[in-house]
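Asker: I have a structure I would like to understand better, so I am pasting it below and will then ask my questions one at a time.
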Amino acid sequence: MGNTSSMLTQYDIEEVQQHCKDAFTQQEIVSLYQRFCQLDRNNCGFIPSDEFLSIPEFAVNPLSQSLLRMLDGLNFKEFVAFLSAFSPRATLHHKIEFIFKVYDTDCNGKVSFHDVLRALRDLTGPFMSEKQREKL
Amino acid sequence: MNNLGTLKTSSSELDLDRPNIEDYLPSGSTIQQEPHGKLLLHDLLDISPTLSEAAGAIVDDSFTRCFKSNPPEPWNWNVYLFPLWCFGVVIRYLILFPIRVLGLTLGWIIFLSSFIPVHFLLKGHDKLRRSIERSLVEMMCSFFVASWTGVVKYHGPRPSRRPKQVFVANHTSMIDFIILEQMTAFAVIMQKHPGWVGLLQGTILESLGCIWFNRTEAKDREIVAKKLRDHVQGADNNPLLIFPEGTCVNNHYTVMFKKGAFELGCTVCPVAIKYNKIFVDAFWNSRKQSFTMHLLQLMTSWAVVCDVWYLEPQNLKPGETPIEFAERVRDIISVRAGLKKVPWDGYLKYSRPSPKHRERKQQNFAESVLRRLEEK
């Protein structure tokens with residue numbers, strides 16, 4: 001796969017860059033594309049959830065389920081937009097918006113008590129009782 | 001000259017092309033130190049460290065890197081380099097390959113015509129039969145190695161046949177076994193394969209005293225452990241060779257060693273194998289190609305060049321657990337062969353990580369939060 005950058009034209013790269021609001025340099029987008037192609041083994045244009053779970057570092061992360069929900073069926077442009085929240089060039093507002101989206105599981109634009117409880121449940125697993133979580 | 005271009009893809013260039021993970025940690029996420037004081041809602045809601053770890057894993061993770069085969073970088077992009085490369089292809093496929101196939105077939109004929117009679121006729125004289133079979137297998141492996149024009153340099157003292165010793169080596173491909181077998185007839189423990197490989201395993205390798213296991217069967221482990229122990233005790237058995245990584249890795253990294261080999265209570269002799277990637281990438285990516293294709297690929301390359309180091313035998317130090325022992329030996333092998341160590345279990349190639357790891361993280365988080373709740 002040494003030549004995947006030739007499959008991305010300059011227009012593509014600029015379009016993706018615009019979409020993620022310049023959070024990544026062009027070289028970074030090329031590397032992300034190589035990574036995307038590496039994960040998207042069947043070349044279907046998106047990465048199946050299974051593939052994410054086969055990365056051990058990702059699978060052991062407590063928040064993997066919530067993230068998988070957001071990552072499902074993303075094409076490359078959306079994939080880069082997703083990761084743009086983690087770029088050092090992303091604004092604080094952007095990052096907070098991202099964290100908000102992770103909490104807001106039912107995508108209604110609001111983070112309710114239940115949403116927070118659910119995230120806490122993911123993070124703590126069986127090591128905290130429901131009552132303790134509610135108390136928090 | 002197949003992969004002369006791969007000289008360029010040294011690890012430094014690989015890292016330049018990849019975005020640096022550390023750049024992507026959002027500022028203020030290093031809450032590694034224990035925060036004290038009142039539990040603020042902010043601390044509870046700030047899931048950024050966990051998120052950054054997840055994003056880091058998505059962008060690049062050390063486990064997948066272990067199994068990446070080097071893509072052959074084309075060096076034939078020029079007007080005069082291209083005919084040279086074509087000439088090379090012609091030589092490799094039309095001249096070298098048939099010669100090698102002929103040589104290999106000849107070797108098989110000689111081997112089978114000597115092995116089968118010896119195996120059946122000398123049934124009574126076990127010792128003699130075993131030593132002849134050993135030499136025959138060694139000879140057959142030399143034929144194999146010659147069929148890829150293998151240039152193997154052995155360093156260190158030749159393994160001796162003694163009871164209570166086990167050899168461990170890093171694993172890149174099934175040909176590791178053939179290369180080591182050429183010099184000394186080992187009894188190896190392998191996964192039972194289907195197809196013609198399985199047939200070979202059942203017949204010829206059985207006579208060497210090899211042990212089989214099945215990765216997918218859970219109970220298999222105890223049976224195999226017992227077989228290992230029995231084998232090591234016997235003075236007459238061939239020295240045992242184990243690949244503790246449990247799977248093929250791409251010769252740039254080593255994954256965690258399984259402790260089975262280190263719990264047998266005997267001396268462990270490490271062997272380090274390093275292939276020279278300039279000539280051919282000997283990594284058998286079992287997800288991408290079958291063993292037959294892998295062999296064919298080797299036979300149509302210029303050469304297989306590797307170094308084998310027989311290292312100093314190690315013993316379990318007093319107060320050391322088998323896991324620590326395994327890690328120490330992995331260290332020795334990695335340093336000698338110039339490989340990087342990776343803290344993952346090779347079997348994760350086939351299965352998901354157990355929930356234990358996730359639970360440990362959850363436990364840490366829960367405990368720290370609860371502690372701060374008490375402090376309120």
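For all residues, glycine too, the Cβ spot is worked out from N, Cα and C.
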Asker: Scan B:39-59, B:102-122 against TrEMBL and say which stretch is down as transmembrane segment.
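Answerer: That would be B:102-122, the stretch labelled transmembrane segment in TrEMBL.
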Asker: Given B:134-154, B:176-196, which one carries TrEMBL's transmembrane segment label?
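Answerer: That would be B:134-154, per the transmembrane segment entry in TrEMBL.
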Asker: Do you know the DSSP helix, strand and coil residue counts for the region 'Disordered' (B:352-376)?
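Answerer: Secondary-structure composition of the region 'Disordered' (B:352-376): 21 helix, 0 strand, 4 coil.
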Asker: How many of the residues that make up the domain 'Phospholipid/glycerol acyltransferase' (B:165-276) does DSSP mark as helix, as strand and as coil?
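Answerer: Counting residues by DSSP class gives 40 helix, 29 strand, 43 coil.
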Asker: Assess whether the transmembrane segment (B:102-122) lies in contact with the transmembrane segment (B:134-154), where contact requires at least three Cβ pairs under 8 Å among residues 6 or more apart in sequence.
Answerer: yes
